[in-house]
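Under the heading S-adenosyl-L-methionine binding site, TrEMBL lists Gly37, Gly38, His39, Asp56, Tyr83, Asp104, Gln111.
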Amino acid sequence: MDQPRHVPVLLDRVLELFAPALHGKPAIVVDTTLGMGGHSDALLSAHPELTLIGLDRDPQAIEMAGKRLARHGDRVHLVNVTYDHIDEAVEDLGFSKVDGVLMDLGVSSLQLDEEERGFAYSKDAPLDMRMSKGTGMTAADVLNTYGHGDLARILSTYGEERFAGKIASAVLREREKEPFTNSGRLVELLYAVVPAASRRTGGHPAKRTFQALRIEVNGELESLRLALPAALGVLGIGGRIVVESYQSLEDRMVKQALAELAKSKTPPGLPVELPGHGPEVKLLTKGAELANEQEIEDNPRAAPVRLRAAERIGAPR
Ligand SMILES: C[S@@+](CC[C@H](N)C(=O)[O-])C[C@H]1O[C@@H](n2cnc3c(N)ncnc32)[C@H](O)[C@@H]1O
């Protein structure tokens, strides 16, 4: 049985939002963030005719979810790519439009639990944080090579860290003595720099810095910026997109991308919609939906979630 920490976030709501687009037909869904395959498994079980395309940048996620989803046989296709390649992945499998796209952003419990990958500040581990194992810069590389300005910028922008400048100065000072390799030393530095008083409201002093490093190392916002139009582009009429974000920059990007397509492009004042100028999508959520207390109790990872969903109602303009 699943441990509580592996419960897919807002699973019932996700199933409910997709149901009208998938019910009673051989539909296709792309789960762009397969992770441990929790959402995918539930979707495949709920819709016996469904074909699922699962994407993940983490080869380990592909392998583990592959085993979990094996019982669904040839209804499952898994591809080890970043989600901004959604259109190519769909096309390479011989499909054109799909009926659903799910994006459950961020890191998986699997990644957080694997100490040696360095995502968790609660354990002393190498400062790695790469989701696509073994490729690109590590968190240690960022700490040891970025200038003060860039370091402060990522901490402030991606971590919304109030003490970004002070932390960047301390990192530059400390790395002169010895380069950073492990998370323990960084956590110690953050305990020293982030004032104790701010912990009562801001949580663990390492939380925001670790988030910022993870976003930078994995180019998460750039990947999402490219992925949203690509995902909306493969969604057929009547198809639905559901996105779960866990921090405000991601949620803002999702909100703006959906709001833009939900607007009519017919010049104001015209009595009728000009052909090809109507809204492309209808929003299915009013603002962002949050997890309720029970869901957060069952699954603490649900606490920061912001869920938004939309249905494609018109062809791409
Ligand atoms: C929150 S987990 C998904 C959990 C999944 N919904 C479940 O039920 O098990 C997010 C997953 O997205 C993957 N991921 C993050 N950024 C990605 C990207 N740019 N492209 C593809 N996968 C990505 C991570 O490797 C991780 O496995």
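Note that Cβ sites are derived from N, Cα and C of the backbone, with glycine treated the same way.
Remember, TrEMBL labels are computer predictions, not curated facts.
Feature map: annotations from TrEMBL on the structure.
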residue	record	Cβ within 10 Å
Gly37	S-adenosyl-L-methionine binding site	27
Gly38	S-adenosyl-L-methionine binding site	22
His39	S-adenosyl-L-methionine binding site	26
Asp56	S-adenosyl-L-methionine binding site	27
Tyr83	S-adenosyl-L-methionine binding site	24
Asp104	S-adenosyl-L-methionine binding site	24
Gln111	S-adenosyl-L-methionine binding site	22
Through the lens of DSSP with three states only, how would you label Tyr83 (S-adenosyl-L-methionine binding site)?
helix
Binding residues Gly37, Gly38, His39, Asp56, Tyr83, Asp104, Gln111 (S-adenosyl-L-methionine) - maximum C-alpha distance in whole Å:
18
According to DSSP, which of helix, strand or coil covers Gln111 (S-adenosyl-L-methionine binding site)?
helix
Looking only at DSSP and grouping its letters into three states, which state does Asp104 (S-adenosyl-L-methionine binding site) belong to?
strand
I want to verify one value. Collapsing DSSP to three states, which class is Asp56 (S-adenosyl-L-methionine binding site)?
coil
